[in-house]
Amino acid sequence: MHGSNQSGVSEFLLLGISESPEQQRILFWMFLSMYLVTVVGSVLIILAISFDPRLHTPMYFFLANLSFTDLFFVTNTIPKMLVSLQSQNKAISYAGCLTQLYFLVSLVALDNLILATMAYDRYVAICRPLHYTTAMSPGLCILLLILCWALSVLYGLFLTLFMTKVTFCGSRKIHYIFCEMYVLLRLACSNTQVNHTVLIATGSFIFLAPLGFMIMSYVCIVRAILRIPSASSKYKAFSTCASHLAVVSLFYGTLCMVYLQPLQSYSMKDSVATVMYAVVTPMMNPFIYSLRNKDMHGALGRLLLGKAFQRLT
């Protein structure tokens, strides 16, 4: 990737959401706290699942990979954001900006595809329980994960290569906290209609198709749960899906607010929505998936307290 684009721009300035020194200090400590919480939470979930044989199931296999994606995702954006908020050097090179953009796009897509795979896992577990062991074999789980990674990498590469064709000849100031697709397109002085059309078309495939699949999966899941005669069994079946539904709602709610709209209408409120899916959602995922999950409670207790936890239980 070249150090500058065809218009000669070699760097951008990440000015952040606010240029007020007082507000920047508040934002710095807020984002640092959120980053540390996300890192600790994601690492704990990955370690708990890795070291507890009880959690070596398809659902927790995909949850560990979702936590790894969240960890990678926030590390791609927040450290540079913290440097820009704390120091006077707010510059990011053209190549660095596109690199950050590539990982941002790829990891958001990967998050989305893993969530769709987890919905399929819940569908098989509840609607086809007798076939679960064969339908969600370790080999198939690994194959599904490889497919998720491959599609995400290609999607990120495709959009980033399209961005290299955009000409920047005006302002280099990004009034934002990281290099984001819509923000860069707003700075372009060349025609970005093709980029926007490609963004909508590919986004509809990589995001709306999995969303449609998840909706159909949960329609079948709800129907299957309603046919269960026991109220306690219904509650148990639904509780295995509640965390996934909460994460999907948070993820897609903030994502749709940002990207399913014309480029010209992009504003500061959409910057706040982007912070939601880029920072808040990864931070909330460990809490959502472990809050009411007894298996995760036990695994985390054994990981952190060891034999002391076993004596307590």
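Count begins at 1; order follows the chain as displayed.
Each residue, glycine too, has its Cβ placed from N, Cα and C.
TrEMBL does not curate its annotations; it predicts them automatically.
So that you can see what the record holds, here are the features copied from TrEMBL:
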- 26-51: transmembrane segment (TRANSMEM)
- 41-289: domain 'G-protein coupled receptors family 1 profile' (DOMAIN)
- 57-79: transmembrane segment (TRANSMEM)
- 91-115: transmembrane segment (TRANSMEM)
- 135-162: transmembrane segment (TRANSMEM)
- 200-226: transmembrane segment (TRANSMEM)
- 238-260: transmembrane segment (TRANSMEM)
- 272-291: transmembrane segment (TRANSMEM)
Cβ-based contact of the transmembrane segment (238-260) with the transmembrane segment (91-115), 3 or more pairs under 8 Å: yes
PLDDT averaged over every residue in the domain 'G-protein coupled receptors family 1 profile' (41-289): 85
Stretch contact, the transmembrane segment (26-51) with the transmembrane segment (272-291), Cβ-Cβ under 8 Å, 3+ pairs: yes
Selection from 135-162, 200-226, 272-291, the stretch that has most Cβ pairs under 8 A to the transmembrane segment (91-115): 135-162
